[in-house]
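What follows is a set of notes on a single structure, which appears directly below.
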Amino acid sequence: MFPRAMRKLCRISCTFNSSCPKPLNENSAQSLIRRFTVSSSSPLEEHYPSIPRTRRTQRHYLSELLFSLANSALHYNVVHSQVIVSGFQSNTFLNNIFIRAYSKAGCLEYARTLFDKMPKRDIITWSSVITMYTQSGYYEEALLVFSDFISSYEEDPNEFLLASVVSCCGRLGSAVKGAQLHCFVLKAGFDQFVYVGTSLIDFYSKGGDVGAARLIFNDLSVKNTATWTAIIAACANAGKSGLSLQLLRNMLETDVVPDNYMVSSILGACSSLEYLEGGKEMHAYVLRRGAKMDVTVTDVLIDFYMKCGKVKTARKVFDQMEVIDAISWTTMISGYMQNSSDWEAISMFRDMNSLGWSLDRFACSSVLISCGSLETLDLGRQVHAYTVKANVDSDGFVKNSLIDMYSKCDSFGDARKAFDCMVNHDVISYNTLIEACLTQDRLYEAFELFAEMRDNLILPSLLTFVSLLGASASLFSLALSTQLHALTIKFGFLAGMFVRSILIDVYSKCSSVKDARQVFNEMNEKDIAVWNSMLFGYIQQCENEEALKLFLKLQHCLQKPNTLTFVALIASSSNLVSLLHGLQFHNQIVKVGLDFDPHVTNALVDMYSKCGSLDEAQRMFDSALQRDIACWNSMISTYAQHGEAKEAINMFEKMINDGHKPNNVTFVGVLSACSHVGLVEEGLHHFYSMSRYGIEPETEHYVCIVSLLGRAGKLVEAMQFIEQMPIPPAAIVWRSLLSACREAGHIDLGKYAASMAISIDPKDSGSYILLSNIFASKGMWINVKKLREKMDSNGVLKETGCSWIEINNEVHLFIARDQSHRQTDLIYSFMELLVRHMKGMEYDPEDTTFSNE
């Protein structure tokens, strides 16, 4: 049928006339070709009844017919066959039209075959093929054709051809070829052509060389909208938002009008940098222009305001939109989630669903994250059901959001099921489940997941190691921490200060402050967070003097101490009970203007309390602009430690009246205050009132009550209280009873309490010492000797006594039997003098078991 149609088309082709009334439209062309294949009549003669049969008009008509056809290879093949039959196969003009036609129809092989068979090619031929490959993403082929053009064609390329080739280099990221083309452009004198210049700007900006792009832009004498858009987008993508806005202002002084792509680029840059003023300036320009904003521009504008935290403004823009697409809804839902407006995100999700919109995977993921943040398991399950109905539940983003939602809603089993149902796990899914294990105290399971992750050849990310290092710190496992440290080196994550700061904290918590200091010393650059980590590391291990020495080194650096730095320094002063250091740090805090920070205030209250300056502690508390629960707890504990029970209880009542809810630490202070002065009834009242605030008593609270009853002489009641505890009593609880027995001289109950404490913690010397003192006070020296022998056989060592004193800004440390001080002889001779003086006054010191130590 096809050859027959071609023969008919050949017979009627000689009737063409240059005076055609109009070119065939698409329907007429399709109808014409259909009639060629089924009829022997002459449809062209019917459509054009008075057409002279000349060769020139025949070629003209064929070209008109090609322009009128639909983008179908079949149509072009029919006409192409007629061209060949009519002897026009060597006509460059018609062949150029066929190359463009085949390219538009997606028939690149037909176009390339025709190109290869053409006996004569002009600049349009070469440009058409290069443009065809460029638009189709075959950049290498486009460059090969251009290379053939340079080597075989005598004429120079035009600016459109060069622009296409430069664009190919930018898409391929080929810096070498792009630089070679740039040299060719300069040599051939095309550097002032706007299309070539725009392509070069785009090429260099994609390669990250904004400076070169700017130089080319500045050298162009003529700039169009695309040129300005290219350079503004280049600056915006490189993070130079201010420069992009300045270029926009310069452009507005010309006749060039920014298009929607340029506006979107600038808003996107301001969004990523959270540059609110720049984005608002761009928004104002769009409004002043008076034109209706394209929906894509509005979506970018909503995203900008959301990322800058202006949720209400973003909602206002959304409500004023005349045309809303699915991206608009998704951007609003995601923005609400990112700004912790989780109920609004869920409400927007419901509105979108009720209006018949289909939620995509991004919207579903955002809503699931919001459900997890709100810990609304029922809503999360409903959204999960929707994802199944919408057939997006298998998407990786949705699966990871499901894992996160279920873990935050305390439904680890469902989180694990969501993870196990995934076909292809990625690093995000593993990280999400590992983090879920950590929140559920499934630390060992987290490491099992990490081992499985490595078995599956999934490379860990930075977040993976951050989570696992936190887990190893919680386990106080030095061996595990060192292994993770080695892996961070292996995977190349140790270069960043963030990981090193975490390693310092982990080693400190694992009682290896030397390793922490080694990590610190190996860092060439340190920010204040790293210094703070090392300071807190020393304080956690009670090496407060080293913390102060480290601060001296910090003062010689360019880093400025911040709030956490001074909190650490004040804590070290508190631990050293050094009021002088505390006053010096307080003075520096006032100078830098951090004295009103609540964390600093709490630390200062605690420091003055431990240093015995109760009035200063109260003054600091009264001057605090904001008092959180920690600040109240500090004052309550301060009064408790100084035996001011009534003041501590009054402070507790003021805190309740001020609207603060007490926590575990609050009641430790209150119960301790009652214990110190023997307020038994009031202490028991506060203990049993803890349930009203949703607080479950912990070991510290039980210790306070045992001490309260023991100091009041109610040893039997204290014993009964311990036996009725809902949790297994710790060794410290029995030691509290043992201490009370020592004061009361109750041997039998003391022996029982000591045996219970030693059975729980055999290596603790405190229980042995307390029981030994009971025996010694009763003159039971044989029992003292046996107890000492038991300590030696069990390998229990008594902690060496230590004291210090500060004289002339120097701290002098003293340990029992120590002779390392430079003035040891003078000190011991003066002590001997004091002893002789005491004996002369007939003073007989009490003989204790360990008086020689």
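Quick reminder: no glycine exception, Cβ is built from N, Cα and C everywhere.
Sequence annotations record features per position, and here TrEMBL assigns repeat 'PPR' to 91-125 (among others).
Averaged across the repeat 'PPR' (224-258), the predicted model reaches a pLDDT of 76. For 224-258 (among others), the entry in TrEMBL reads repeat 'PPR'.
Residues 295-296, 298-299, 302-303, 305-307, 309, 311, 314-315, 318, 366-367, 369-371, 373-374, 379, 383, 386, 390, 392 of the same chain lie 6+ residues outside the repeat 'PPR' (325-359) yet bring a C-beta within less than 8 angstroms of a C-beta in it. Feature annotation from TrEMBL assigns repeat 'PPR' to 325-359 (among others).
Distant neighbours of the repeat 'PPR' (426-460): 396, 399-400, 403-404, 406-408, 410, 412, 415-416, 419, 467-468, 470-471, 474-475, 480, 487, 491; these residues of the same chain sit at least 6 beyond its ends, with a Cβ under 8 Å from one of its Cβ atoms. The repeat 'PPR' annotation in TrEMBL covers 426-460 (among others).
Taken from TrEMBL, the feature repeat 'PPR' covers 597-627 (among others).
Sorting the repeat 'PPR' (628-662) by DSSP state (H, G, I as helix; E, B as strand; all else coil) yields 26 helix, 0 strand, 9 coil. The repeat 'PPR' annotation in TrEMBL covers 628-662 (among others).
Here TrEMBL flags 663-697 (among others) as repeat 'PPR'. Using a Cβ-Cβ cut-off under 8 Å and counting only residues 6 or more beyond its ends in the same chain, the repeat 'PPR' (663-697) has close neighbours at 629-630, 632-633, 636-637, 639-641, 643-645, 648-649, 652, 655, 704-705, 707-709, 711-712, 714.
Sequence-distant contacts of the repeat 'PPR' (628-662) (same chain, at least 6 residues past either end, Cβ-Cβ under 8 Å): 598-599, 601-602, 605-606, 608-610, 612, 614, 617-618, 621, 668-670, 672-674, 676-677, 679, 682, 686, 693, 695.
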